[in-house]
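Chemist: Before I ask anything, here is the structure I am working with.
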2 protein chains.
Amino acid sequence: MSQARLMDGTALARRIIEETGERAAVLTERTGTAPCLATVLVGEDPASVTYVRMKQNRCRKAGITSRHVALPAATTTAELVGAVEALSADPGVHGILLQHPVGDHIDERAAFEAIAPGKDVDGVTFASFATMSFGLPGFVSCTPGGIMRLLDAYGVDPAGKRAVVVGRSAILGKPVGMLLLARDATVTYCHSRTRELSAAVREADIVVAAVGRPRLIRGQDVKPGAVVIDAGYNAGNVGDVDFDSAVERASLITPVPGGVGPMTIATLLEQTVRAAARQLGVAEG
Amino acid sequence: MSQARLMDGTALARRIIEETGERAAVLTERTGTAPCLATVLVGEDPASVTYVRMKQNRCRKAGITSRHVALPAATTTAELVGAVEALSADPGVHGILLQHPVGDHIDERAAFEAIAPGKDVDGVTFASFATMSFGLPGFVSCTPGGIMRLLDAYGVDPAGKRAVVVGRSAILGKPVGMLLLARDATVTYCHSRTRELSAAVREADIVVAAVGRPRLIRGQDVKPGAVVIDAGYNAGNVGDVDFDSAVERASLITPVPGGVGPMTIATLLEQTVRAAARQLGVAEG
């Protein structure tokens, strides 16, 4: 069969960010207040510093102001929770992003739960996970939400299809499976303890690789015509899918980079503007 | 092959309730306070009245006091939320059970979320769903928790096994799948939109039928040697599994009645005493 069509996350994310920028401008004009995303960073991990700076830059371009809270690596759980609670209570902040990891000595969950649900634009709280799982209104985790947008943009309706999610992390594997289930896919979660992973993946009409192991999913594991979403991110811009062999079997496939990655930040910005609109009392278009 | 061994939920539930009663007695003696479960019933649906009365009777036998809040069918969401919040704040109440359904005019989710997480012994809040899903400490939904206890009691380790959950309700299908995933099963969710349900079920080492359609799962759908858990409950004491044909293929199977049903209430009582122990400041044994 012919090579798969690429799912261009860069182009889709650009469109979403443009539309988000337009909505942010309208909101700012109508209310006199620009949407504001607070970013919280504990310590100085170089990758985290880079991520946060990238998010701030994208915010600026979309007309979203950002407020940065930098805390020392030695911050305690109580101090971090206090800082996040202050942002949750601050009417000038519409969305909160707590960059993780926060350090092993901190109870990350306690810090996440200090984010007010209405400001959880990164979709990390218990409440957001539950609303995603139950198909209720709320904020989604950004990467899973971005994956669903990609599927929609390429006309992939999950209803009745078999979806296999490889990975079960709290911010990626578990929520993307729940979002696919809410859209009526038959969803299988595979992970490090799965026996016969290849056989399980071969059942999938939609594969989401989200496990963080370079090239774990090979072309021979892909059912001909399947949609392959590579949400893996490994050193050297390598995904969880062996692209060169999978592209020969899939009907649609995300490249790495330029597939899922850009969608994450687009979802973050979009949700920030939505949160701001709600908090500023402006009905959404 | 020979007939499946029955998983006797009645006997296991009796043992758990006995142990729970012993723990309740010790707790009452040490603290001067008996564990207390508040039951909340809206309206007079006969089935709900029966369920609540049965739960109260079992509580009494286990040394758990119960407090009943009966509200008229015309109760508003705000009134119900207020009543539940009052119980959440009441130090004399250790666990809260809101009997559902509560009536279509009420926002059931708002009422559930008014239950303090530490008193959510029925495992219905967003927080409980998330802790179940992430393998964190917390209360489990009672039927899913009871199913896991049955598996443990019969030596079924889900790790590495393929589990298929048929049904995706918020209090049964979704959480039991998450509990199986947390125990390292490879989990597939099937539902009304699943194509080729029989083929999907035949992959399962563990089948959980939780959909509420009489005899939906037939023997021919069961992989020889599979463990079959029937959490269905249909008129006339009929489960979601066609028992007579499935018993010929399974290795272990729950009868209806006497399988999953009794485990639900045992889990409720057990969690109520655990909640009371925490709130009364007594370490668990």
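Placed from the backbone N, Cα and C atoms, the Cβ positions cover glycine too.
So TrEMBL says this about it:
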- A:Gly167, A:Arg168, A:Ser169: NADP(+) binding site (BINDING)
- A:7-122: domain 'Tetrahydrofolate dehydrogenase/cyclohydrolase catalytic' (DOMAIN)
- A:141-279: domain 'Tetrahydrofolate dehydrogenase/cyclohydrolase NAD(P)-binding' (DOMAIN)
Chemist: Short of 8 angstroms on C-beta distance to chain B, which of the listed binding-site residues (A:Gly167, A:Arg168, A:Ser169) are there?
Modeler: A:Arg168
Chemist: Neighbour count first, Cβ atoms within 10 Å, every protein chain included; then name which of A:Gly167, A:Arg168, A:Ser169 tops the list of binding-site residues.
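Modeler: The residue with the densest Cβ neighbourhood is A:Arg168.
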Chemist: List the other residues in this chain whose Cβ sits within 8 Å of the Cβ centroid of the NADP(+) site residues A:Gly167, A:Arg168, A:Ser169, in sequence order.
Modeler: A:Val165, A:Val166, A:Ala170, A:Leu172, A:Gly173, A:Lys174, A:Tyr189, A:His191, A:Ala210, A:Val211
Chemist: For the domain 'Tetrahydrofolate dehydrogenase/cyclohydrolase catalytic' (A:7-122), what are the DSSP-based totals of helix, strand and coil residues?
Modeler: 61 helix, 18 strand, 37 coil
Chemist: Where does A:Ser169 (NADP(+) binding site) sit by DSSP, helix, strand or coil?
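Modeler: In three-state terms, A:Ser169 (NADP(+) binding site) counts as coil.
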